[in-house]
Amino acid sequence: MTAHASTSAAVPAPPSLLSTCLYLAVYFSFNLTLTLYNKLIFSRYSFPFPWTLTAIHTFSGTLGCYICAATGIFVPATLGKREKYVMLAFSVLYTVNIAISNVSLNLVTVPFHQVVRSTVPLFTVGLSTCFLNITYSRAIYISLLPIVCGVIFATSADYTFTTLGLVLTLLGTLLAAIKTIVTNVVQVGSLKLHPLDLLLRMSPLAFIQTVAWSFVTGESEAVLTWWNAGNLTWVMGLLLAVNGGLAFGLNVASFVANKRTGALTMCVAGNVKQVLSIVLSVIIFKLAITTTNAMGILITLTGGVWYTYVDYREKRAPKPPAASLPTEDLSDSSERLLEEGELNELQEVVLKS
């Protein structure tokens, strides 16, 4: 989204509707493919280790970025001490957000978790308004309602939770919104980091923190037992390698889409992706959905189209000269070392299985 400041700087031309749709289409393709791929690995290939899989993703991001930098695809920026502290702080935010989400998933039902997470766009609007002085039109606010309500219907089921679970789920949702906003700020603000450069800074730190967390949770011991049992066949190794490659592609697509479209658009895209995952899961895994679920899917998709149209129309509308302040994504993600909620979905699969 765009904020207006009292300066005479020219407003950069917003991306065309075609390019915006293209960025989001690539992002959706990688995201949905990786989500379904993860479900296959967890359910059919008996690899219930979400933190280890996350470590593979972050290691793949590290390796991919170093290769891209070495081949001249991008030139890493020179950061000062302050900027390096910002990167470190964001990596901690990213890891803490994942940890909070995983803990909360053990205290609430998956449908309840999905419903609360669907309010990320609302948190993004509130934070952007309060801290970045970004204003949104009434049409934008109205267009968010069917997106949030649609997810509630699409995930309609058992909504049981504990008080601690509710608090942690809300905290995780707030952190997800902060990630999304800061990622956009880092890329379009004073740093103006290339998407691959941002991923290069974040991946090694996130890898170290994720591996450390796997030791804290005891998952590393379970992985060692799995390894000693001879489960790491060449087929499994190939599957994990391809999974890491897809994760790297998703990270790049997510950062680029975040930079080109903005924080709120990426949050809305995350909600639409959530219901599309349900649709594809029904088709591929032969799952059953209720009429209420189907209605929620339709409402969310319609709301996503409506929001995209309203957002595009407002960005193309003539405006007086003003500076454009940054608005997803530090998002997911880093938005993302893991697409907003990707590890959450991995954990959801483990809980379901």
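Glycine is treated like the rest: Cβ placed from N, Cα and C.
Note: TrEMBL annotation is automatic and uncurated.
Taken from TrEMBL as is:
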- 20-307: domain 'Sugar phosphate transporter' (DOMAIN)
- 21-42: transmembrane segment (TRANSMEM)
- 54-75: transmembrane segment (TRANSMEM)
- 87-108: transmembrane segment (TRANSMEM)
- 114-132: transmembrane segment (TRANSMEM)
- 139-157: transmembrane segment (TRANSMEM)
- 163-186: transmembrane segment (TRANSMEM)
- 236-256: transmembrane segment (TRANSMEM)
- 263-285: transmembrane segment (TRANSMEM)
- 291-310: transmembrane segment (TRANSMEM)
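In summary, the transmembrane segment (139-157) lies against the transmembrane segment (114-132): three or more C-beta pairs, each 6 or more positions apart in sequence, are under 8 Å. Over the domain 'Sugar phosphate transporter' (20-307) the predicted model carries a mean pLDDT of 80.
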